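Visitor: To start, I am sharing the structure in question, which I have written as structure tokens.
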Amino acid sequence: MTSKQYSVKLTSDFDNPRWIGRHKHMFNFLDVNHNGKISLDEMVYKASDIVINNLGATPEQAKRHKDAVEAFFGGAGMKYGVETDWPAYIEGWKKLATDELEKYAKNEPTLIRIWGDALFDIVDKDQNGAITLDEWKAYTKAAGIIQSSEDCEETFRVCDIDESGQLDVDEMTRQHLGFWYTMDPACEKLYGGAVP
């Protein structure tokens, strides 16, 4: 991950209205019961149970993925049985992003990479170490966040840093880190028009 093509903007932009809007959009998307609060229970249900069950993960893959989701959102301060409102959620994201960027700068494993490894293992159906556009489309359909084929293809294009026509976990980690943590311009349109 030290290659120049995988370098990422390492400074946060927490006051950027677009960064805040991006996270507010996801907060609302992940608020399964629409009560204005979310909990780790909802995150695991949405990010793990629904998605992974729709992708045919093995029990081992499902457990690994669930553990990664728990650790990731736990890093943002979320807990089972505890509802988090928007102000606490965004503050948790700031802490998570700061911690993750420090790890990334030191070439240490990040929670987003650990989650990416777990998800990649499930999405990469032929286990060749790369995700094809068809595999990506199957995942985005199961996740429900990207609805249009155009947005799915745009996401794939943005993540395909080396322009190989396939995605590897390093590319995915780099682009998601830049999109969710720092507003890196190279990551714009990561979700097409599905996420601001």
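Cβ coordinates come from backbone N, Cα and C, glycine included.
Copied straight from Swiss-Prot:
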DOMAIN    18-53  domain 'EF-hand 1'
BINDING   Asp31, Asn33, Asn35, Lys37, Glu42  Ca(2+) 1 binding site
REGION    47-57  region 'May interact with the chromophore'
DOMAIN    54-108  domain 'EF-hand 2'
REGION    62-72  region 'May interact with the chromophore'
REGION    107-117  region 'May interact with the chromophore'
DOMAIN    117-146  domain 'EF-hand 3'
BINDING   Asp124, Asp126, Asn128, Glu135  Ca(2+) 2 binding site
DOMAIN    147-182  domain 'EF-hand 4'
BINDING   Asp160, Asp162, Ser164, Gln166, Glu171  Ca(2+) 3 binding site
SITE      Pro196  site 'Required for bioluminescence'
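For each feature listed, report its degree of burial, its nearest neighbours and the pertinent distances within the displayed model.
Guide: The list of residues near the domain 'EF-hand 1' (18-53) in space but at least 6 beyond its ends in sequence, with Cβ under 8 angstroms from a Cβ of it, reads 61-62, 65-66, 69-70, 73-74, 78-86, 89-90, 93, 122, 139, 142-145, 179-180, 183, 195-196.
Taken residue by residue with DSSP, Asp31 (Ca(2+) 1 binding site) is part of neither helix nor strand, so it is coil.
For the domain 'EF-hand 2' (54-108), the number of residues in each DSSP class (helix H, G, I; strand E, B; coil) is 39 helix, 2 strand, 14 coil.
Below 8 angstroms of C-beta separation, residues 40, 43-44, 47-49, 52-53, 96, 111-112, 114-115, 117-119, 121-122 of the same chain, each at least six residues beyond the ends of the region 'May interact with the chromophore' (62-72), sit close to that stretch.
Within the chain carrying the domain 'EF-hand 3' (117-146), a Cβ under 8 angstroms from the stretch's Cβ atoms is held by residues 29, 50-52, 54-55, 57, 61, 64-65, 67-68, 152-153, 155-156, 164-169, 172, 191-192, 194-195, all 6 or more beyond its ends.
Listed in sequence order, the same-chain residues six or more apart from Asn128 (Ca(2+) 2 binding site) with CB atoms under 8 A from its CB number zero; the list is none.
Helix, strand and coil content of the domain 'EF-hand 4' (147-182), in residues and according to DSSP, is 25 helix, 1 strand, 10 coil.
In sequence order, Gln166, Leu167, Glu171 are the residues of the chain that are 6 or more apart from Asp160 (Ca(2+) 3 binding site) and have a CB within less than 8 Å of its CB.
DSSP assigns Pro196 (site 'Required for bioluminescence') to coil in the three-state reduction, placing it in neither a helix nor a strand. Around Pro196 (site 'Required for bioluminescence'), the C-beta neighbours below 8 angstroms that are at least 6 residues distant in the chain are Arg18, Gly21, Arg22, His25.
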Visitor: Want to know which binding-site residues, from Asp124, Asp126, Glu135, Asp162, Ser164, are within 10 Å of Lys37 (Ca(2+) 1 binding site) at Cα; which are they?
Guide: none
Visitor: Could you name the residues, excluding Asp124, Asp126, Asn128, Glu135, of the same chain that surround the Ca(2+) 2 site, i.e. Cβ within 8 Å of the Cβ centre of those residues, in sequence order?
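Guide: Here the nearby residues are Val123, Lys125, Gln127, Gly129, Ala130, Ile131, Thr132.
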Visitor: Of all the binding-site residues given, namely Asn33, Asn35, Glu42, Asp162, which is spatially nearest to Asp124 (Ca(2+) 2 binding site) at the Cα level?
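Guide: Going through Asn33, Asn35, Glu42, Asp162 one by one, the closest to Asp124 (Ca(2+) 2 binding site) is Asp162.
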